[in-house]
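Worksheet: one structure, shown below.
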Amino acid sequence: MSQVFINGARDEANVRDHDSLDVSIQELIKAAAEARKNAYCPYSNFAVGAALRTSDGTIYSGCNIENGAYAASICAERTAAAKAISEGKREFVACAVVAQQDSGFTTPCGVCRQFLSEFAMDGKDIPLYAAKPTNLPLRVLCTSVLQLLPNSFSFQNGK
């Protein structure tokens, strides 16, 4: 087994074979991979797709959308979340992120981690699955929003 590095840390214990995951998670990863195809990334050429499943089972997907004024860009995770939130959905039960990175897995950036943590309410963390858009079988990093962002800022926590 090759070493897996996430943000500089060895984390082989959290990597699983795609086929060993629940079918609902496989479906979520597929939705993120499909969304990635719509990425608008002429500046970085780094396409990312994300998908969020809500508590009623609906999947909302999104891709990154870049802008020449970088601050106006939006990540795939926030695109998917904004679509769900604008439809009245605020309870997320899982998230998948798909991007091609030579080493390691692409996980949400700090802004997306904080954004998603807003919806990890009442002690309900959001499981997160990071994968690459490769042919099966593939490996998947299984983590969560709060594992990636411990001590997140929240008015709910009195912080």
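Cβ coordinates come from backbone N, Cα and C, glycine included.
Automatic, uncurated: that is what TrEMBL annotation is.
Glu77 (active site, proton donor) is surrounded by 29 other CB atoms, counting those within 10 A of its CB over all protein chains shown. What TrEMBL lists as active site, proton donor is Glu77.
The substrate binding site annotation in TrEMBL covers Asn64, Ile65, Glu66, Asn67, Gly68, Ala69, Tyr70.
Long-range neighbours of Cys112 (Zn(2+) binding site) (same chain, six or more residues apart, CB within less than 8 Å of its CB): Cys75, Glu77, Arg78. What TrEMBL records for Cys75, Cys109, Cys112 is Zn(2+) binding site.
What TrEMBL lists as domain 'CMP/dCMP-type deaminase' is 23-141.
Taking each Cβ in turn and tallying the other Cβ atoms within 10 Å, the top scorer among the binding-site residues Asn64, Asn67 is Asn64. When the Cα atoms are compared, Tyr70 (substrate binding site) and Cys109 (Zn(2+) binding site) turn out to be 14 Å apart. Of all the binding-site residues in the list Asn64, Ile65, Asn67, Ala69, the shortest Cα-Cα distance to Cys109 (Zn(2+) binding site) is found for Asn64.
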